[in-house]
Ligand SMILES: NC(=O)C1=CN([C@@H]2O[C@H](COP(=O)(O)OP(=O)(O)OC[C@H]3O[C@@H](n4cnc5c(N)ncnc54)[C@H](O)[C@@H]3O)[C@@H](O)[C@H]2O)C=CC1
Ligand SMILES: O=C([O-])CC(=O)C(=O)O
């Protein structure tokens, strides 16, 4: 009897793609094919071989290969798309849209051709809009085209709360809704530390500082790095989502999901709480929101709609 190992394709062998590839291999979630453009053929092969040579030391049995030929992603079970340019200090993620939409279309066409049954996780920015382009271009069902933002945004929120309280990150569970931009909606009312609502542990001004820092968390890293954007925490977030799907864990995780009426929105990809399992996004969890929370979410959705509007005429 032959056993089919789970096959990942990671498209974009830059900072986020290579970090995610290594984390997938270290967790032995499956084998990884790293893909980048032809001019990056040798560096991509080199990065893959270098990672593979860590396997005897770290004792993982995942294979990692590098390529610029999409034929090598044939029948991948999951495709993680990180292809595209990152922003520079002073830029918003939305300013990447024209360049990255073209890249996303090209990548999505290849995924459709070579890995038609795959689950797709999209990272490239502006990620809500890029997930939409991927969905429209592949024509895959909505449960199989998923964007990453909320796991990362929640991780940042949890980091800041844990620092402020001086408690373990393991006990903090924040909750972030909306688009992956400065108007994202960290919801304090649904956030806890050790099961205790955060507003019982921190003052209102402390909470507001954490909310603001979370909203601008990507920019904080962009400014500190000076070149490129965050990659360790984004890669870890992708891998947590991938693991939920590969192991059919039915995790409750925020995903960028295609909405058809949920939270009152239509034909948009937006960050919402979901159940992630073997069928990808198995459901969207709809929560009651107070008026001011819904208004914040509307503002965030409006920002995503503004980016989507011109794209909808093309894709
Ligand atoms: N959604 C999120 O939470 C996050 C999104 N991002 C986004 O992810 C993207 C990638 O970020 P990094 O890995 O840091 O950038 P990077 O510049 O290190 O890597 C991007 C890679 O994509 C490749 N690429 C470009 N066009 C391609 C194509 N047509 N086919 C295949 N590969 C192609 C480039 O050659 C490069 O190696 C950016 O758009 C960034 O803004 C980054 C962090 C978090
Ligand atoms: O800020 C960026 O450009 C990259 C990103 O999305 C993040 O780190 O949240």
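Cβ from N, Cα, C; glycine included.
Computed from a predicted structure; not experimentally measured.
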According to TrEMBL, which candidate in 31, 36, 75, 77 joins 12, 13, 14, 15, 16, 17, 100, 123, 124, 125 at the NAD(+) site: 36
Which of 125, 149, all recorded positions, has a Cβ with the fewest other Cβ atoms inside 10 Å: 125
When distances run from the Cα of residue 149 (phosphoserine) to each of the binding-site residues 14, 16, 93, 125, the nearest one: 125
Candidates near ligand 2 among the binding-site residues 12, 16, 36, 156, judged by a Cβ under 6 angstroms: none
Spatial separation of residue 93 (substrate binding site) from residue 125 (NAD(+) binding site) - C-alpha basis, Å: 6
Residues satisfying Cβ distance under 8 Å from residue 87 (substrate binding site), sequence separation of at least 6: 93, 95, 96, 125, 222, 229
